[in-house]
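Participant: Sharing a structure here in structure tokens format.
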Amino acid sequence: MIEFDNLTYLHGKPQGTGLLKANPEDFVVVEDLGFEPDGEGEHILVRILKNGCNTRFVADALAKFLKIHAREVSFAGQKDKHAVTEQWLCARVPGKEMPDLSAFQLEGCQVLEYARHKRKLRLGALKGNAFTLVLREVSNRDDVEQRLIDICVKGVPNYFGAQRFGIGGSNLQGALRWAQTNTPVRDRNKRSFWLSAARSALFNQIVAERLKKADVNQVVDGDALQLAGRGSWFVATTEELAELQRRVNDKVLMITAALPGSGEWGTQREALAFEQAAVAEETELQTLLVREKVEAARRAMLLYPQQLSWNWWDDVTVEIRFWLPAGSFATSVVRELINTTGDYAHIAE
């Protein structure tokens, strides 16, 4: 299995280094749910600004403040502890009056707004995230500048970031150990993390192999294509290749790669043979996913950061802003720009 740092680059390995997350303020994330609170219902949506706190810790503290069980507080996604982040939490408080959440006190945390809502906020139920990153001690400004220009046109590989695999790859290692036994994993969190790491690693491997081709965005017979921003896909046929290629070039369609699991992967013929060959040696992880009935799915091979802009504060410091859809990783954008240094270079966003 290819280590994250050794995955194929779309724009070639960066020539320079830089410091990511010299302090939390250098990594700002604003969650975009894509909808507004209903204004009524048994749930309360709470928008929180946090610095130096992980999401679960804040959720547990909010539950304690509201005198409800921790499981009654949900969120759409985990946000990094070592960053400044805005995100929504959701507390179920049926039959209770609206509490005064301005009285909620937690170091590094501030309630920005709150309102009633009809539905529970579930994991993954967000549109995306807006990022503002500051890269410091950049050793090669010209290289980073050109890469930013190229990313605007060609995007970046839509890799799952290193944080998906746990500290030191612990989640992937757990999946491999599990794959080698028939012992049930009772811990739901471990089970979820390990299966997710297994499938993500296989996806990354398929994309890395595809990126070795001379023309990464060349549609081949049997490719599974999806409309940009949509989840469903269809299979490319030989007769349609020219027209489909035009639509891929226009970024109307996206070539996808497999998230392997049980059931059909979605590609056919030449494209399916390529994907199967790319992960042919990873039989243990594939068997685990089938055994645990994790359904196969698709994910876009490339990622195009939206609203990408940047501002050089000086020759060694650049502020970069962009928006990514849910499930995408800012660190997968940064790895195409610089070789990152710093203790938190790969921490989750």
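Cβ atoms here come from the backbone N, Cα and C positions, even for glycine.
Summarising the annotation, Swiss-Prot assigns substrate binding site to Phe27, Asn129, Phe329. Positions annotated as active site, nucleophile by Swiss-Prot: Asp80. What Swiss-Prot lists as domain 'TRUD' is 155-303.
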Participant: Between Asp80 (active site, nucleophile) and Asn129 (substrate binding site), what is the CA-CA distance rounded to a whole number of Å?
Facilitator: 12
Participant: Any idea what the model's mean pLDDT is for the domain 'TRUD' (155-303)?
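Facilitator: Across the residues of the domain 'TRUD' (155-303) the model's pLDDT averages 93 on the 0 to 100 scale.
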Participant: Tally the residues of the domain 'TRUD' (155-303) by DSSP class, grouping H, G and I as helix, E and B as strand, and everything else as coil.
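Facilitator: Going through the domain 'TRUD' (155-303) residue by residue, I get 71 helix, 23 strand, 55 coil.
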Participant: Taking the Cβ of Phe27 (substrate binding site) as the centre, how many other Cβ atoms fall within a 10 Å radius?
Facilitator: 24
Participant: If you count Cβ atoms within 10 Å of the Cβ of Phe329 (substrate binding site), leaving out that atom itself, what do you get?
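Facilitator: Step by step: centre on the Cβ of Phe329 (substrate binding site), count other Cβ atoms within 10 Å, giving 21.
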Participant: Ten-angstrom check, please: count other Cβ atoms within 10 Å of the Cβ of Asp80 (active site, nucleophile), all chains counted.
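Facilitator: Total other Cβ atoms inside 10 Å, all chains included: 21.
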Participant: Give the number of CB atoms, excluding that of Asn129 (substrate binding site) itself, located within 10 Å of its CB.
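Facilitator: Summing over all protein chains shown, Asn129 (substrate binding site) has 24 other Cβ atoms within 10 Å.
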